[in-house]
There are 2 protein chains.
Amino acid sequence: MNRRGILIVVSGFSGSGKGTLMKELLGRYKETYALSISATTRSPREGEVDGREYFFKTREEFEKMIAKDELIEYARYVENYYGTPREYVEKQLEAGKDVILEIEIQGALKVKEAFPDTLLLFVTPPSAEELKKRLVGRGTETMEVIESRMKRAVEEAEGMDRYDYLIINDELEVCTEQMHTIIQSEHHRSFRNTGFMKEIKADLDRSLKGES
Amino acid sequence: MNRRGILIVVSGFSGSGKGTLMKELLGRYKETYALSISATTRSPREGEVDGREYFFKTREEFEKMIAKDELIEYARYVENYYGTPREYVEKQLEAGKDVILEIEIQGALKVKEAFPDTLLLFVTPPSAEELKKRLVGRGTETMEVIESRMKRAVEEAEGMDRYDYLIINDELEVCTEQMHTIIQSEHHRSFRNTGFMKEIKADLDRSLKGES
């Protein structure tokens with residue numbers, strides 16, 4: 001079977017518990033996964049370390065990366081750039097690690113276009129009711145905040161169909177294992193094992209012709 | 001998540017150990033899987049029971065089933081018909097069982113055409129070398145037998161690409177679990193959960209409009 005890593009995009013509703021889930025998955029299976037680190041032009045916040053939370057870049061550096069096609073995808077929010085450096089991802093995939101990008105739908109679809117083998121996972125609470133509960137929070141939010149979250153959730157829901165799998169985040173433990181087995185099962189897809197199939201075919205052909 | 005069963009076609013090289021694998025999977029997960037039973041016009045062999053190994057039919061009965069579209073797929077080998085009765089499969093799927101059909105590539109592709117959600121699994125030994133070893137057998141076969149097996153394997157290999165997953169049968173225990181997790185992961189595919197997505201979307205829309 002192939003052991004090149006799989007490129008995985010994880011998106012999900014705000015409030016889906018995606019962040020905690022990623023931390024749990026990466027903590028449990030250190031050897032299997034690598035989390036892609038984004039580059040950004042925004043200033044580091046207190047406690048953030050270059051190369052850990054983000055690669056911090058000047059605007060000039062970032063635009064040079066764009067020009068040299070060194071980013072798999074990038075976007076601009078307000079006045080800052082955010083993007084996924086290609087080199088780190090490629091290296092990890094080559095080393096057989098499954099690389100996880102935590103980005104939103106627009107970025108996800110750009111990545112899928114550039115790399116059709118990308119696996120798109122969408123994390124969601126187990127029901128609409130539970131989702132709403134999480135959006136509303138503990139009742140300490142203003143109606144404005146809740147409404148803006150709700151609108152965002154509607155937009156996020158719009159894109160769900162474009163993802164390959166839904167990851168239902170009910171119980172952290174169960175969900176982490178589910179996500180892990182979903183990704184590992186993907187390694188067995190035929191289209192990820194064209195080398196193996198080619199070899200079997202070539203070898204059978206040779207045998208039939210009495211060449212080996 | 002949806003709990004309607006998944007229709008699964010399992011094919012594989014002769015000598016891939018497919019039969020043993022199926023028996024192990026069905027034995028371990030009795031509540032999860034159902035094996036589809038074929039209908040045939042051939043006579044029962046000693047020890048075969050109607051409704052267990054096959055549904056034994058007269059030619060007239062079988063042709064009536066064809067005419068009434070009661071078979072998912074059928075084929076004729078030499079002078080006998082073989083086919084997959086629709087009713088049993090539908091009932092099991094409705095009951096939430098994942099239903100396994102053990103058929104060859106021509107049948108597999110017909111099923112996939114009629115039911116695009118069908119999951120196609122191809123069982124193969126771990127390497128071309130191992131496959132050849134199994135085809136050659138214990139050295140007691142005539143060259144003719146080996147060559148005919150080899151030719152058949154070449155044909156089977158031709159179709160491998162059309163399957164969704166490759167199941168590498170190296171160790172029975174490991175392979176059974178792998179097959180099980182691959183199938184169970186498939187339940188999380190977005191296209192198998194359109195109901196869930198629709199519900200979340202509708203519910204969010206209603207909430208945003210203040211209807212609930």
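We count from 1, first residue shown onward.
Note that Cβ sites are derived from N, Cα and C of the backbone, with glycine treated the same way.
Per TrEMBL, the features are:
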type    : residues                                                               : note
BINDING : A:Gly12, A:Phe13, A:Ser14, A:Gly15, A:Ser16, A:Gly17, A:Lys18, A:Gly19 : ATP binding site
DOMAIN  : A:5-184                                                                : domain 'Guanylate kinase-like'
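Structure with TrEMBL features highlighted.
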| residue | record | Cβ neighbours (10 Å) |
| --- | --- | --- |
| A:Gly12 | ATP binding site | 24 |
| A:Phe13 | ATP binding site | 23 |
| A:Ser14 | ATP binding site | 13 |
| A:Gly15 | ATP binding site | 20 |
| A:Ser16 | ATP binding site | 24 |
| A:Gly17 | ATP binding site | 19 |
| A:Lys18 | ATP binding site | 20 |
| A:Gly19 | ATP binding site | 13 |
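A Cβ within 8 Å of the Cβ centre of A:Gly12, A:Phe13, A:Ser14, A:Gly15, A:Ser16, A:Gly17, A:Lys18, A:Gly19, the residues given for ATP, is found for these other residues of the same chain: A:Val123, A:Thr124, A:Pro125, A:Arg134, A:Asn169. In the three-state DSSP assignment, the secondary structure recorded for A:Gly12 (ATP binding site) is strand. Note on the domain 'Guanylate kinase-like' (A:5-184): mean pLDDT across this stretch is 92. In the three-state DSSP scheme, A:Lys18 (ATP binding site) falls into the helix class.
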